[in-house]
Amino acid sequence: MSKSELNMADNPDALNSKLFELATAAMNRAYVPYSRFPVGAAIEAHSGEIYAGCNVENAAYPEGTCAEAGAIAAMVMGGDTQIKHIYVMGKGDLLVTPCGGCRQKIREFSRADTEIHICDEKGVRKTLTMEALLPFSFGPDNLV
Ligand code: THU
């Protein structure tokens, strides 16, 4: 679904609320029989398209995947490769910041203006830049 289809292009609050709702819905779909720690992620790509993912665990524990990885896979499948906003939502007192591996995964598709919004069910708790989340990162530019 595109931003224009959602009729939100000129309404950032509505878009933010949509992404927040999507992250919540994704978290509620998480498959977490082992950790019981559901996480949801929602991405707005630079194209305006939006994508979501949840963590999906596995009886062979290391095969589990994070919510951010699921949302990024959906984004790439949808034809987008640039993240404008990513909302990451989890429960608890501590901020559910992306794990180290997910920071690198987000980095692959980030730009200078990419924003990472750390949420709980009540709202956005903290907004970070990629540089703050993963300083001195290694990215696609390093390979040219
Ligand atoms: N998890 C995520 O989905 N994203 C993160 O960035 C942190 C951790 C998931 C992985 C596992 O299913 C559960 O949270 C507990 O670590």
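Glycine too: its Cβ is placed from the backbone N, Cα and C atoms.
Together with C99, C102, the Zn(2+) site in TrEMBL holds one more listed residue from C66, C119, which is C66. Take the mean position of the Cβ atoms of N55, V56, E57, N58, A59, A60, Y61, the recorded substrate site; other residues of that chain with a Cβ within 8 Å of it are Y31, Y34, P62, E63, G64, T65. Set side by side, the recorded positions E57, E68 differ in how many other CB atoms lie within 10 angstroms of their CB, and the most is found at E68. Mapped onto three states, the DSSP output places V56 (substrate binding site) in strand. Listed binding-site residues: V56, N58, A59, A60, Y61, C102. Those with a CB atom under 6 Å from ligand 1: C102.
Here the binding-site residues are N55, N58, and the one with the most other Cβ atoms within 10 Å of its Cβ is N55.
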